[in-house]
Amino acid sequence: MTARIDAAFARCRAEGRAALVTYVMAGDPDPETSLKVLEALPKAGADIVEFGLPFTDPMADGPAIQAAGLRALKAGQDLRGTLALVRRFREGDDRTPVVLMGYYNPIHTYGVPHFLEDAQAAGIDGLIVVDLPPEEDEELCLPALAKGLAFIRLATPTTDEARLPAVLANTAGFVYYVSITGVTGTATPDFGRVSQAVSRITAHTDLPVVVGFGVKTGAHAAEIARGADGVVVGSALVDALARSLEPGDRAGNGTVEAVTSLVRELAQGVRSAAKAPAGP
């Protein structure tokens, strides 16, 4: 299923631009609204969707995504329900890649073989599991690759030349460069250093390199897009959704639009940072 991811990046290269990768939390603020948001993201300009797995101890996430996970858990969202949402999404969209992002515990509890079967059947394209290092590849990475699912790694500003080959080994789909140290949504990246880091990673891999953490506006997205193959935005979208909610964390009439209006701004930013189109 990495074919959908590969095709998305190929389309962006043909258009001479970076990809826009959007993150939202599955089940936030409730499953039905979450599905509407998921369905609306590609129409607003998202090229790839990361769908967060709610978890009770999200150690790498900042306040916005932690709160989103709590709202989703309160609404009854679990891994089985998340796969069900993606299955419903696939009834109307067989083109947009969907990558599940989260922590290993819910997958381990579900059972790795069972999870991979169900993820493949649901139409999942890849996995980002932030707390499984390369030394644990036999747990999930290698079985996922055998099922045709991309296993996407995170590289960080502290990933040095000695560590980078291990991070890139068995990586598929794309490489996710975390542009700041710390948790999600807490700072703005140094755009000059990001470009240098992307160049360092691309010297070791032919995979696309996307950059996330700290991207909040269309202007930020344009800056990152000039030096990367993709731009990831998560906390800003989750924040936009949270601000639209009614008392009791209920979806309001403008909840979906609150997310998609920001996605349109981000998509415009990415598209404004034109690159040379790829050749035939």
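Yeah, the Cβs are placed from backbone N, Cα and C, and that goes for glycine too.
Now, the feature entries from TrEMBL:
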- GLU50: active site, proton acceptor (ACT_SITE)
- ASP61: active site, proton acceptor (ACT_SITE)
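In the structure as shown, the Cβ atom of GLU50 (active site, proton acceptor) sits within 10 Å of 25 other Cβ atoms. Note: the Cα of ASP61 (active site, proton acceptor) and the Cα of GLU50 (active site, proton acceptor) are spaced 14 Å from each other. In the shown protein chains, 24 other C-beta atoms lie within 10 A of the C-beta of ASP61 (active site, proton acceptor).
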